[in-house]
Structures are given as C-alpha cells and as structure tokens.
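These come from Swiss-Prot:
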{"type": "TRANSMEM", "residues": "222-239", "note": "transmembrane segment"}
{"type": "TRANSMEM", "residues": "252-274", "note": "transmembrane segment"}
{"type": "TRANSMEM", "residues": "331-350", "note": "transmembrane segment"}
{"type": "TRANSMEM", "residues": "357-379", "note": "transmembrane segment"}
{"type": "TRANSMEM", "residues": "421-443", "note": "transmembrane segment"}
{"type": "TRANSMEM", "residues": "456-478", "note": "transmembrane segment"}
{"type": "TRANSMEM", "residues": "525-542", "note": "transmembrane segment"}
{"type": "TRANSMEM", "residues": "555-572", "note": "transmembrane segment"}
{"type": "TRANSMEM", "residues": "576-598", "note": "transmembrane segment"}
{"type": "TRANSMEM", "residues": "611-633", "note": "transmembrane segment"}
{"type": "TRANSMEM", "residues": "648-670", "note": "transmembrane segment"}
{"type": "TRANSMEM", "residues": "690-712", "note": "transmembrane segment"}
C-alpha cells in the first residue's frame, strides 16, 4: 500500500508541477505581451496639457507687462488696435504695441511692433515691414470715414496685417503680409507708449507654447502601471520556467561578496576621498540647474538651450537629481549617485567580473590592483559630478554580469534582466549604447540558450518577457511627454546642434590631444590606458588560442563590448571627450586581464614584456605632454593647471620619453638574443611582481590626481577650493558665493586727498602730470571685455552705450566710466591720443588711508590700458607702469614714500578693458597712513596707452550676502554647482522669471562657452535677457586670491518699468500625436 501511496503522491506532484508549468508559460507569454503592448502604446496615449494665453491690456490699464517665453516665440498671436488710438498719439508718434522693448538689443530683428511716427503707421515684424500706411489715412474711429482698426495675425501660416476701412487703389481692403512661419515674433511681454485706461477694442492675444507642460491622463497612468506590473509578472513567470532545469537555487549574492581585502579598502577609500576633495565634471552646473528648475516647471527642460525643450527620450537620470534637490543641493549630496555607482562598479568587478574572466585573473594580486587602480584613475577625471557617464558605466557592467550569468547557468531570466538594464542604460543618454554592445557581444550564446529552452516551454513564454523588459523603459521616458513632443524636441536639438555626423568621430580624439582641459593629463590617461590594454589583449588572445587560467569566452565578450561601444560612439550626435568616462569600469576589467596576459606566465620572452612596458611608458609620455588641468573651479590652486608638469625646468613628459626610449632600445636588443636572455631580477620585478607596469602606472596617476587636489586645498586655504567648499557645506556653506566679494557701490570708499596745489586734473593728476588728459581714453573701452563687432550675445550695456557723456564730469572728462562709477564724483586721467606721442608721467596726490580691517582688505584703482601686473592665469604681464605707493609720516610732519606695490591685474592681456587693479592691504605695513598712484607711460606706441582713476578702499560683502538666495539669478551653465544657494531663474507655463543678476565663469569661458551656448539664436536664455534687460558688470574679487579671474557678477536693470503679466491658464487633453506646430528655430 505504501508503494501505491507514494506512486499516487508522485503522480499528483507531477500533475501539479505540470499545471504550474502551464500556468507559468501562459503568464509569461500573456503578461509579457500585455507589458510590451502597454509600453509601446504609452507614447501615443493622451496627456493633460496646461494651456496658457497672454491677453493684453490687463486690469483695464495700458501698462507694459513682461512675459518672456522660454520658447521665445508663441504658437500664434493676434492683435487688434482701434485706429482712434493712433489718432490720439502726439504728433511725434510712439509705439502703440510691441512684443519687446523698443530699446532692447536687436529688438526690431526679433519682435513685432505697431509704430507711429509723424508721417506713417508701420506694422513691422522681425525687421520686415508687413504694412505701412500714411498716418493721415489712419484717422477717425469705427463708423467714421477712414480706418476703423488695425488687425495683425502671426501664425504658422504667416504674418499678415489689415487696416480695416482703408482700401488700396483698386478698392480692395489694404492688407499685407508674408506666408512665412518663421516670421512669428519673439515675445518678452507687451510694451506700449500709451497710458491711461484701455480703450474698447484694443487687444492682443498670444497662445504660449506649453506643449511640454503636461501630465498623464488616467488612461495613460493605468497603461503605465499595467505595463510595469505585467512586466514584473512576466519576469517572475520566466524565472519559474527557469527552475525546470532541475538545478538547485543559487544565492543571488555569492559568499565571496562578504570577503574584503586590502584592495577593497584602498579602492573604496579612494572613492570616498575623491568624493570630498576631487574635481567635478564639466557639465555639473548644467545638470544642477536643470534639476533645480524641473519641479517648478513640471518637466525636465534643457534649461540653457533648445527653446526649453525636454531632455526626453534620454535623461531619466536627471529626474533622480530633481528628487534629490528636495533634500539638499549641497555638492556632496547631489553627487552621491556617482559615488554609489563607483563603489558598485568595484564590487561587481572584484566579485563578479574578474572571477568570470578566470582563476588566473582573480588569483593574481597585481591584476586585482590593476583593476582597482585603473578604475580609480579612469573614474576620477570623468565621473565625480552630475554627468551620467558613471551611471552608464554601472549599467553596462551590470548588463555584462547578467549576460555572463545567463551563459554560465543557461537560464533566460538573466537575459531578460540584462535587456531591462540595457534599456534603462540607453534611456540615460545615447552613449548608453555601451550596454547594447554588451548584449550584442553575448548574442550568439544567448540565442543558443533561447533555442535550447524553447524546446521545453515554447517560444512566446521566452520571447514575450524579453520584449516587455526591453520596452518598459518607455513608461519612464514618456511618462509626461508624448511621441509628438519628444519628436519635436529631438528635431530642435538636431537642427540647432551640436549634431555631428558619424564621419567626424575623429574630433573626439582630436580634442583629447589638444593641450586643454579636455586633453588634460587625467583625461588622457583614463582613455589611453584602456586603449593600450584593449589592443594588447586583442593581439595576445588572437595569437594564443588557449591561455591557462583565462576564460576565453568572457574575455572576448568583454573585448567585444568595448570595441562595439567605440563603433557605436561614432553615431553619437556629440563628440565630447567626457564620454570616455563610459569605459571606466569595463576598462578596469580589461586592465586586469591584460596584466595577466603580459605577465611572465603568459609572455615567456622578456622581449615582449619589455615591449609592453615601452608602450606603457609612451602612454605616460603622451599623458604628461599637456597640462594638469581640471574643469573650472576644480583647478584652483592645482599645480601646473595651465602648464606642462615639470621639475627643475625638465618636463615629466621628457623624462618618460627618455625612459620609453631606453626600454624600447632594450626590447629591440632582446629581439636579437635568445628567448631566455633578459630574465634578471630587475626585469622580473618590473613585469611580474606588485610593481607590474599597469598597476604601478595607474597607482602613480591616482596619487598624482589626489596630490593635485590636496595641493590645491593647501595652497588656496582659507579661500575657495573644491575640497574646502565641500567640507564647509556640511555646516551650511554656500560654495563660491561665500568667497566672492562684491562692491555694492563702487562709488563708495574713495579716500580724501591731502590738500595741495594741484594741476588741472585735480588731485588725481597731482602737481604736474605730463601727457595725461581728462579724455585720454579711446572710444568703446568697455569693462572687463574686448569689444568686438558684431556684438555677440550676453554683452553689457556699455557695448552699445554712447561713447561720450552728455555733460563733462568732475575734471572735465566726457569718457563713460565702468562699474557704475559716477563721473560727477570720480575723475579720470589717461594718455591716449591720436596726435603726437610723448612719454607720460603722473604722480597723484596722497590719499589718506584708513586703518585696515576685514571689511576693507583691498585698495583698488580702476584702470585701463596695457599695464604691468600679476595674475594667476597669465603670471607676470608687462606693460606700462601703474603702481600704488604707500607712505609713512615724515620727520617734518609730511609724508615719506615707504614702498610700492605692483597690482594684481586680471586682464593684463586685454589692454582695452576697464578693470580693477588690486593692491592687498596685507602687503602694506600696518602703519602706512597714505597712498598715491604713480603711473608712467614711456612708450611712444599709440596702443600703449593707460588710464587711471583715484584709489579707493571699497567695503566688500560676500556674494551670498549681497545677492542672497531669493532673488532670481541667471546662473551660466558652468557655474551652477559652485553656487548652490543662489536662486536660478525659474520657468513655468512657458514663461520664465526675470533675473536680477547673472553669474558667469571667467572671461575666456564666458566668451567661448556660455555666451555662445546660451545665445537666443540657439533657443538660449540670453535671447530673453538681451532683449529685455540691461547688464552692468559689478566690481568683484575672490577673497585672499586677488589675482584670480573667478568669473563675474552682472546686475540686470529693466529697460522699461513693467510688472509681470497675468496669464490665463487652462487645461486641454491632447493625444500622443497632437502638435501645435513646429517650434520656430530658424532666424
């Protein structure tokens, strides 16, 4: 009976198992297909769009209002103006209606205006005359002879104007216009010269482009949730089907994960230390501002360019940053994902990847050190900020690990999880194709697994979960956007660029060899060590079919992943060097593999090992043949950040090249000896022990990077450095804003001149100034810049201001002064003349010097011309003499010169720029009681002029104190992470804030990087500020680092007295393919 009972129990168990298998098959197939379909239709499902309309006049009054559109142009605009309004204007005329201030930069080129002058009424749009009518024809009101109203429309169909009631010679209504969609005007508000109550019939209505301001409908939310739930169900069912192989359950995390070694401690400590003191990545400020503004706007806009279009379909990672901003915007917190990804990459490398490559790798200590140190050396210059390369590197590594697990165990669940990981990795950025390369590298064995498994359970239960896993990312990418909006955003980015063709991939490597930050020592090593190890591994594995202790399949899949990624990168639309951060993790694995391949156990002949050592020394030569540059503020105090590293005048590149030549010649010598020659102790030490070439080189570079940052902190202390700012942030520090000092009023702080008989220039000119005049400055001398024509975006008001004052200043000068200096209080003396040249000398009056204190650390002289001085960037620059002489009380009650100071002069190579010469009080004796300016221009070359103003002791406040955290600021894309406490100009419902200030990087970066990137022609924010505001550069200094150009603070003044417009908001349900038309991106 017991036998029968057991057989019965077995039969029941078999039937139950069979039934469970059938259920799992059906669940995997049906849930997978439902998840796939639900994900695919998500982009097409409807959303609720927030609509916004600008209607004017508002509150029944003819007031100008502001409403700067982040898309710059509206969907459409209509305007109706009663002709009685024209008749009511004074004889001189005025602006009836405009979409920008008339005095804004290039206002006529960008905006729509209805202008009235003494003779005509003009409707102009973007410098095109739509219609012009004699003013005497536009007389009377509705019902009276003549014009009754002016009607203007601007849509995708074109821009047209009609003077209702006025006919042409043929008796037809007088109408004009052009069917050009690019004539739609830019709107920063509605501006008028009219005053008083709004007359009946006067109206303007503009539909604001809010296509990206949307939320999912209930239907779409249901579809997304259904896609996620069914995908999870399909994966669980697939896992159940995998259990049919009869193998016992394996631990998800193997026991080896709990074992920690000295390598683990060193690598993790390196990551933690670098997180605190290390350099940041190039676009941190960019991503920071996108994240900080996303919550207010309701979507992740590409804030600085491309007309406020979203990052989708790539960039879901930035939404994580936006969530983190709710906790804190401190650098060490917001950069935490990169730290976590770095540590996770090492744990995966040491516990999953290296064991898969074979016992020869995981059991060889130099290989472990090579992996850890190469990971650190490649991670440090690229992946310590907010750029997504670190997350992509982790995604690619996880994909590779899952593929290897799938191949090892012959199961499909890891394949599905690898597909899911690859999909989300590519959803971060197009360079996430590195994960797809990993999938393709393992494609053949995975296909074999699929074919083998489908014989037992069928095809659809295996394929459907894969389809669902690969497409569920669409529910994240299109959660709030539609297919139509994402396609439009993609078109905008492609049309404006950068969007480079595949055959320009050489640019990426060209940038790497330039002596710039992109081609700096650290960035070169991170890529070149990976490339050297990769091609070495390829050559050796091709030559040696079987290598003891090395798993050939995983090794080739690792190599194939990197080679495939290099191929895929050629199709990426941008060619930036920072994309090489993708290779940090997989490159470390290849480094470990190569360390074994070039060891004595594999390369028996010392010639080959020495040849590899020579190649590595040549890589080091290339790495040191550039600057030790780091991005923006990360370079502060770093040795050789603008020059090739050297010792006693000899560059390290030269030293490494000599070593390379010696080793290469020795390898050449070994080529002609027998294979056993050259196996001495030194050679074995260099190629076999811990001092093996790869870990030694990577360790050396890691120490160089860390040492550079530590040196920067020590040399900068107590002023700004990356590491010191991160530490201060723990107690509420505000980054660079705590160390940048601002003069709230540059007219304050001028000292009293001691009485004497001075010449015609007053105390500034002293008793007998020679060659200096009150107007000795050439026209178009502007503050902290070289004026160029045509003006580029982001320039200050003084670029376009009159070149002469309407009334002479205090000493008869008509030269406009910078920094808001009042010519009625501040005199000027300069040597510029177009006539006969002469040697010029000036010794000013003695000015009474107040006692030094913390609020007054400087004596400042505002000057222009080619002046001898010192700066961090340029070192000592030569020119004419402008020095500050300080004096002590003399024996007869007079003053005795006690010494002279050469100025810190940031703009020594920009002779036609007004700037502030800085003289530190700390360099003067405490008992100095007076100072005076001594200037000499002994050159007879007309370009060697100089101009000076009296010295002042300004009262300084930190930028954080002056600007605060509540006023809207245009933070240029480079500076955002360094100024975490300043409030960025926000945008919502298609309209932006109006900033009070602009913070820029240093002069060169502003001119080359931010001014051009944020240009209004590219859909950038400068298209708003240039048209609406007037910028003035303020006097600023970096505390205790007076010779450094940290950047600039510019104050915005409105061109017109206005108040923000009130928008009419509503909602509308839009399908996934609905579009209001194309965004106007052409000039």
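Note that Cβ sites are derived from N, Cα and C of the backbone, with glycine treated the same way.
Of the ranges 331-350, 357-379, 648-670, the one with the most Cβ pairs under 8 Å to the transmembrane segment (252-274) is 357-379.
Segment contact is absent for the transmembrane segment (357-379) and the transmembrane segment (648-670), given fewer than three CB pairs below 8 angstroms at sequence separation of 6 or more.
Remote same-chain residues near the transmembrane segment (222-239) are listed as 24-25, 27-28, 31-32, 34-35, 38-39, 41-42, 45, 216, 412-413, 416-417, 420, 461-462, 464-465, 468-469, 471-472, 474-475, 479 (criterion: CB distance under 8 Å, separation of at least six residues from the stretch ends). Within the chain, the transmembrane segment (648-670) has long-range Cβ neighbours (under 8 A, six or more residues past its boundaries) at 605-607, 610-611, 613-614, 617-618, 620-622, 624-625, 677-678.
Most Cβ pairs under 8 Å with the transmembrane segment (421-443) belong to 576-598, among the candidate stretches 525-542, 576-598, 611-633, 690-712.
Outside the transmembrane segment (611-633) by six or more residues, the chain places 279-282, 285, 381, 513-517, 519-522, 524-525, 528-529, 532, 536, 598, 603, 639-645, 651-653, 656-657, 659-660, 663-664, 667, 686-687, 693-694, 697, 701, 704, 708, 720-722, 736, 974-975, 978, 1001, 1005, 1046 with a CB less than 8 A from a CB of the stretch. Packing against the transmembrane segment (525-542) from elsewhere in the chain are residues 374, 377-382, 512, 552, 555-556, 559, 562-563, 577, 580-581, 583-584, 587, 590-591, 593-594, 597-598, 602-603, 612, 615-616, 619-620, 622-623, 694, 697-698, 701: each is 6 or more residues past its ends and has a CB under 8 Å from a CB in it.
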